Each structure stands twice: as C-alpha cells, then as structure tokens.
Ligand code: SAM
Ligand code: SF4
C-alpha cells in the first residue's frame with residue numbers, strides 16, 4: 001500500500017498518455033502549434049504499462065487516462081484492455097474532449113473502460129470554435145450520445161469563462177440534467193500557457209447563476225474527486241452537480257492521487273513544482289527503479305497544494321492531464 005508522510009493512502013493515478021491534442025483551448029494550449037510532437041515522441045504505451053503494473057501491485061485501485069487528447073493515441077483501446085487484464089477490479093476512467101469518441105465508445109466499453117469525463121464548454125457552435133479553435137460541437141455531441149448509449153458513467157466538465165461561455169452555465173447544467181449525467185464546473189486555473197486575457201468564473205459566481213433558477217443545497221466533497229457537490233431538488237427529482245475550485249485547499253486532506261505526465265514525470269501534486277523523471281525506467285521496463293521513484297514521489301507529496309492566486313502556474317495542463 002502507498003501511504004504518504006501525512007497518512008493519506010494513494011490509490012489513484014492520473015496518466016497523461018500524450019501532450020498532443022486536436023483542440024487548442026484558450027485556457028490550456030492556445031499558442032502551441034497544431035503539429036506539436038508526434039506519436040513517436042510519446043512515451044511508448046508498453047512503458048506506461050510497466051509503470052501501471054508496479055502501481056497496481058502497490059495497491060492502486062483507480063486509473064484515469066488523460067492528455068492532451070488521449071483518443072489521439074494509436075492503440076489506446078488495446079492499452080485499456082491490457083490494464084483491465086492486469087486486474088479487472090481497477091476502476092479505469094478516461095478524460096476526453098470527445099471529438100473522436102463516437103466510433104470508439106463501443107470498443108472502449110468492451111475492453112473494460114467504466115467512466116468517461118467529457119469536456120463540454122458550450123452548446124453553441126461558434127463558442128466551441130472560439131474556445132477550442134475547432135468546429136467540433138457536432139462531433140462532441142455525437143461522442144456524448146454514443147457514450148451514453150454504451151452505458152458509461154459520464155461526467156461533463158465545463159470551464160466557465162468571462163464573456164465567452166459564462167452565459168451558458170444554466171444551459172450546460174440543464175443539458176446534463178436532461179441527459180441524466182453529472183456536470184462539474186471547473187474554475188479556470190491561471191497558467192503560463194493559457195491565453196493572456198482569459199478570466200474564469202469563481203465558484204461563487206457560478207453558483208449565483210444557478211440560483212437564479214434553481215434552489216440547491218450543499219452536499220459534501222465528491223468521494224471521486226476534488227469537487228464540492230450540490231443537490232437541486234425540484235418537483236421530487238433530485239440532480240447533483242459539482243464545482244471544482246482548485247483555488248481552495250479543502251480537498252488536500254483527503255487527496256489520494258498522483259500524476260504521470262506525458263513526458264514521463266511522476267508528479268505528487270498538480271500545484272507543486274517537484275516531479276521525478278521515470279521515462280527511462282519505463283522505456284526499459286525497470287520495475288525496481290519505477291518502484292523506487294514511485295515511493296519517493298509519495299514521500300515527497302506535500303501536505304497542501306502550493307497554489308498562489310497571485311502567481312501563475314508554469315504547469316502545462318496538456319502535459320499533466322489537468
Ligand atoms: N483533452 C481532454 C479534455 O479536454 O477533456 C483531456 C485533457 S484536459 C487537460 C483535462 C481537463 O482539464 C479538461 O476538463 C479541461 O477542461 C481541464 N483544463 C485544462 N486547462 C484548464 C485550466 N487552465 N483551468 C481549469 N481546467 C482546465
Ligand atoms: Fe486539448 Fe483538453 Fe487542453 Fe482542450 S483542455 S486543448 S481539449 S488537452
């Protein structure tokens with residue numbers, strides 16, 4: 001079992017399998033050329049699998065595959081199948097922009113994927129184009145529908161941005177409500193790679209928009225993540241939505257996760273600059289070295305995040321997986 005210096009059991013790993021993406025979201029990588037890197041520059045998936053084997057042996061129970069855009073990776077379905085074969089009880093999840101999801105939803109379900117988080121920042125074609133620089137709404141919605149049809153546990157992620165999509169908080173909430181899937185509103189995290197003038201809504205501003213139409217009560221911290229949950233009760237039906245406010249550190253005391261970046265670095269906390277490079281150990285399938293680094297990473301996990309509102313994070317979300 002992996003237990004850190006503050007008694008927290010670490011049983012959840014988020015893995016960014018590529019930094020490449022088919023979108024250029026304003027809050028993530030707007031200024032990066034469309035042709036960054038190639039499949040060959042990504043850490044080979046067999047290497048990542050050597051890391052996963054070690055992590056599962058040490059008690060990891062949940063693995064989220066993210067990116068960049070994870071569905072751009074050739075062999076992603078086989079990769080997930082191999083994780084499932086290592087241990088069918090592992091809760092395998094994926095975070096995607098859904099642009100390539102529709103034809104992959106069925107094969108992904110068949111190989112053991114259980115959950116999908118899908119980024120959906122708008123229901124307007126022009127706004128999706130403006131945020132992601134891609135005319136992708138139709139494909140995103142097809143991806144969501146295909147995932148729903150396959151019976152995945154789905155969550156929709158929205159990052160509400162001032163003067164861009166902040167008028168759609170209620171629309172996205174109601175889209176999720178009608179589809180019967182949860183919505184998580186994520187506060188924009190300032191970072192050096194985002195478009196300069198990007199401003200996000202804070203949790204309080206998001207809640208103010210929702211309370212114009214709905215009454216809701218505070219539930220508790222999401223046991224699957226750092227979201228704070230709220231329940232809308234109307235006409236006997238209840239609907240739960242969440243807000244992820246990374247500017248708080250309330251969720252640090254129950255944090256159970258570490259990250260593996262697309263560059264092969266083990267990151268103990270998203271808002272902490274330390275990381276351990278295990279790329280070479282993964283390339284050689286050196287499980288002794290991987291285990292040593294994994295233990296060191298857990299030992300180095302800080303008690304709280306070092307997030308500072310006045311300081312811009314240098315971390316690239318497309319490398320760490322968000
Ligand atoms: N490409 C996939 C996607 O967009 O879902 C997976 C990778 S993306 C980095 C993972 C999550 O990070 C997405 O839900 C995205 O909205 C979120 N994200 C990226 N940059 C962010 C930022 N600056 N602030 C808050 N959330 C961000
Ligand atoms: Fe790509 Fe996801 Fe970043 Fe958007 S948030 S640019 S979809 S990695």
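Glycine is no exception: its Cβ is also placed from the backbone N, Cα and C atoms.
Please treat TrEMBL annotations as automatic predictions, because they have not gone through curation.
Predicted, not measured: the structure shown is a model, and the values here were computed from it.
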> In TrEMBL, the GTP site includes 14, 64, 155, 257, 258, 259. Which of 95, 96, 127, 228 does it also list there?
Replying inline: 95
> Can you pick which of 269, 297 TrEMBL lists for the same [4Fe-4S] cluster 2 site as 252, 255?
Replying inline: 269
> Given the binding-site residues 189, 252, 255, 258, 269, which one has the fewest other C-beta atoms within 10 angstroms of its C-beta?
Replying inline: 252
> Quick one: which of these binding-site residues, 68, 252, 255, 258, 269, have their CA within 10 A of residue 21 ([4Fe-4S] cluster 1 binding site)?
Replying inline: 68
> In whole Å, how far is residue 68 (S-adenosyl-L-methionine binding site) from residue 255 ([4Fe-4S] cluster 2 binding site) when you measure between their Cα atoms?
Replying inline: 23
>> Given the binding-site residues 27, 28, 119, 189, 252, 269, tell me which ones have a C-alpha lying within 10 Å of the C-alpha of residue 95 (GTP binding site).
In response: 119
